[in-house]
Amino acid sequence: MATSDSIVDDRKQLHVATFPWLAFGHILPYLQLSKLIAEKGHKVSFLSTTRNIQRLSSHISPLINVVQLTLPRVQELPEDAEATTDVHPEDIPYLKKASDGLQPEVTRFLEQHSPDWIIYDYTHYWLPSIAASLGISRAHFSVTTPWAIAYMGPSADAMINGSDGRTTVEDLTTPPKWFPFPTKVCWRKHDLARLVPYKAPGISDGYRMGLVLKGSDCLLSKCYHEFGTQWLPLLETLHQVPVVPVGLLPPEVPGDEKDETWVSIKKWLDGKQKGSVVYVALGSEVLVSQTEVVELALGLELSGLPFVWAYRKPKGPAKSDSVELPDGFVERTRDRGLVWTSWAPQLRILSHESVCGFLTHCGSGSIVEGLMFGHPLIMLPIFGDQPLNARLLEDKQVGIEIPRNEEDGCLTKESVARSLRSVVVEKEGEIYKANARELSKIYNDTKVEKEYVSQFVDYLEKNTRAVAIDHES
């Protein structure tokens, strides 16, 4: 295996195994982290299922050893479903059930190869105890923001038992008592209603996360100290485990300018004035209603702003739901709007000089990508940690959340249009633009990013179980 000059000769080469959850929003950061560890001269084994590995072929570094796993069949899933993109959100619990069925194969790998470290995702609640019994050091790498993890519960035991003391709507819509500082990070009433479609029989995410946190030697956070000043120490206090920031792992803009999809979109963007276009993308796995899509579309129309909408037909709250754009919308906005209905090269679009703002669902990956390019955010969070992310970002004044009806979450075209214009046109938006530009300097500081990676790998080198045993003997 190729090695990097950055590892000192007298240090042992580690074998690190990484095992993400079956969602590309998790798989890609895990793959990126694996590559960075390998570039420091360590052996890395990346574990995922066969079909996902095939779909990753263009992303996999030759430095990484790929371990293909066979996902067990689960009756409720389509035959080739191996990632969250392959299923409706209400079927994700069955994908987790299938993922749990990987336990025997992963255990055999650990027994046969004895890695020094195993880095795993929140879903793999069964893994820490197995790794511990084999003398393997254990780390949970969270792609979820640290404030969202802290919001889940005051301790791993509380998460496991489902007993964090929050029993009323008021409890859930105010910052929890274990937050020792003022913050706006909390759900609102309409956010709670959105959690219901995602609940299903089986093992809860809180139980999974609690066992993962309780069984880990450390927690790896996709964050900077500068952005998680209060939150990283809070996580250490709540869970009594070292929290190691690994940096933001910002993705690289692809270099192939001849990609047919990008050529078409770029031609359209090139025809627009610099700093005039809003990019709209709500992710490919969120549940949105027909009413929300209509109000969002009509709000874009009402705003009068040029836009590119990455509109991969959204999934409705039920599998039978059909979600459509309003009649005549595409034709009426054809001169200033581009509705792109297949996969869109998000990084390239955000990097184009005509783009001036990003209407986003506030997934953690999209936040990084938007702020990398200094774009203020117009935030439309849908579920889970997305509302928590939006509240924190609004508090940091890098954008605003589109107002909804507090009780039922209803969206209006007027609130969409007003929010868009407030951020990218009106004078009040200057503060959001300035703060987003300042954050982009941090997000694009390659020296700082490399320092985080070096410190993280140094932590792995100094804190393996083998090192601890050597020190004791």
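Positions of Cβ are set from backbone N, Cα and C atoms, glycine also.
Record features, source Swiss-Prot:
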ACT_SITE  H26  active site, proton acceptor
BINDING   H26, G384  anthocyanidin binding site
ACT_SITE  D121  active site, charge relay
BINDING   A344, Q346, H361, S366, E369, D385, Q386  UDP-alpha-D-glucose binding site
Original post:
Looking only at DSSP and grouping its letters into three states, which state does D121 (active site, charge relay) belong to?
Top reply: coil
Original post:
Tell me, how many other CB atoms lie within 10 A of the CB of D385 (UDP-alpha-D-glucose binding site), whichever protein chain they belong to?
Top reply: 19
Original post:
How big is the UDP-alpha-D-glucose site in terms of the longest C-alpha to C-alpha distance among A344, Q346, H361, S366, E369, D385, Q386, in angstrom?
Top reply: 24
Original post:
Relative to the Cα of the residue listed as 'active site, charge relay', which of the binding-site residues H361, S366, E369, Q386 have a Cα no more than 10 Å away?
Top reply: none
Original post:
Once the chains shown are all counted, how many other Cβ atoms turn up within 10 Å of the Cβ of Q346 (UDP-alpha-D-glucose binding site)?
Top reply: 19
Original post:
If you count Cβ atoms within 10 Å of the Cβ of E369 (UDP-alpha-D-glucose binding site), leaving out that atom itself, what do you get?
Top reply: 23
Subject >> Between A344 (UDP-alpha-D-glucose binding site) and the residue listed as 'active site, proton acceptor', the C-alpha gap once rounded to whole angstrom >> reply: 19
